[in-house]
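Pulled from Swiss-Prot, these are the features on record:
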BINDING   Gly21, Gly22, Gly23, Asn24, Asn25, Arg29, Gly108, Thr109, Gly110, Glu139, Arg143, Asn166, Asp187  GTP binding site
REGION    317-394  region 'Disordered'
COMPBIAS  328-346  compositional bias 'Low complexity'
COMPBIAS  353-364  compositional bias 'Low complexity'
COMPBIAS  365-388  compositional bias 'Basic and acidic residues'
Amino acid sequence: MLEFEQGFNHLATLKVIGVGGGGNNAVNRMIDHGMNNVEFIAINTDGQALNLSKAESKIQIGEKLTRGLGAGANPEIGKKAAEESREQIEDAIQGADMVFVTAGMGGGTGTGAAPVVAKIAKEMGALTVGVVTRPFGFEGRKRQTQAAAGVESMKAAVDTLIVIPNDRLLDIVDKSTPMMEAFKEADNVLRQGVQGISDLIAVSGEVNLDFADVKTIMSNQGSALMGIGVSSGENRAVEAAKKAISSPLLETSIVGAQGVLMNITGGESLSLFEAQEAADIVQDAADEDVNMIFGTVINPELQDEIVVTVIATGFEDKPSSQGRKATSTGFGSSVNSSSNHQSGASAKEDSFSAHTSHSQSSESVSERSHTTKDDDIPSFIRNREERRSRRTRR
């Protein structure tokens with residue numbers, strides 16, 4: 001079912017909360033990148049680390065419990081610290097329509113406090129999305145075990161959860177890539193997610209989308225796949241749609257999604273046929289009875305480029321079996337497995353915004369991997385062609 005939403009676009013209030021060292025670092029890098037219409041909040045037990053935060057709002061939690069000295073890699077301390085400072089957290093969240101809670105799982109403050117913060121946000125009526133990372137395999141079994149428990153706690157607290165296994169970073173960066181540059185790739189998952197949704201609800205379109213549409217697709221769904229794809233030239237609509245639903249950081253496939261919010265932004269040359277082409281790619285990959293809400297925006301600044309933003313939910317939580325070989329710009333997917341599945345994709349994510357230049361060089365997969373012709377075709381595309389072939393034979 002394809003629904004077209006038209007009407008007035010209400011600008012919702014978005015807040016991004018970084019919890020613990022990893023979350024605070026992610027927020028700092030987002031602020032450095034520059035984002036509008038978003039409020040940033042940093043939460044930590046470590047007073048010294050909190051002083052380094054660039055967020056406009058800073059909350060030192062558990063001052064009585066930890067005396068500003070951190071949680072000592074103990075999630076239980078992080079949890080109790082957040083519970084001690086509940087009123088301060090509530091005051092900071094007040095007025096938010098949507099809250100992103102980001103943290104690194106495996107340590108003390110992020111693992112223990114982030115689920116408490118997320119639960120408070122959801123109880124206050126905000127659409128709550130968790131974006132967390134799993135530790136690298138070399139960080140040890142104890143940290144992995146604590147991270148798995150933290151992910152489970154986050155799942156129970158948020159509307160949707162996006163998990164980024166840090167081990168995936170090893171698949172999308174070169175051996176010579178500096179560590180801080182590699183971590184920026186993980187931060188892009190959060191940044192592009194916030195930017196994509198902010199653009200969806202802040203920019204009026206020919207076929208309009210607003211925060212109510214985002215909430216319809218993401219509320220109480222447990223799992224979410226979100227992505228942005230950009231392309232230009234011949235077959236730009238198809239290529240942008242493929243990129244939006246494929247990412248080297250994804251562990252969950254769009255296959256079987258029952259709810260999809262899709263927006264296409266293009267220049268004045270964007271045609272109805274191109275919009276249909278892009279929608280077909282996404283719709284055919286999702287469940288056959290998908291509830292698809294579709295919007296379009298004309299932005300003359302884009303000229304020959306097309307930007308496709310996709311939010312998909314309501315699919316079974318299982319790791320994707322397809323090896324993603326296409327260059328992609330998707331910015332994250334929720335997972336419900338503690339195991340780290342190695343991705344076959346090797347292209348770096350690009351950073352895209354509907355208001356800025358979208359070109360960023362990336363090494364093509366054809367230069368970095370050797371595949372057969374069939375392997376170059378995503379499995380959902382092959383499945384679509386097989387379904388059409390069977391219908392024709394009938």
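Even glycines carry a Cβ here, placed using N, Cα and C.
Locations of recorded Swiss-Prot features on the structure.
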residue	record	Cβ within 10 Å
Gly21	GTP binding site	22
Gly23	GTP binding site	30
Asn25	GTP binding site	21
Gly108	GTP binding site	24
Gly110	GTP binding site	33
Arg143	GTP binding site	20
Asp187	GTP binding site	22
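Residues Gly21, Gly22, Gly23, Asn24, Asn25, Arg29, Gly108, Thr109, Gly110, Glu139, Arg143, Asn166, Asp187 are the ones the record ties to GTP, and the longest Cα gap between any two of them is 24 Å. Under the three-state DSSP scheme, Gly110 (GTP binding site) falls in the helix class.
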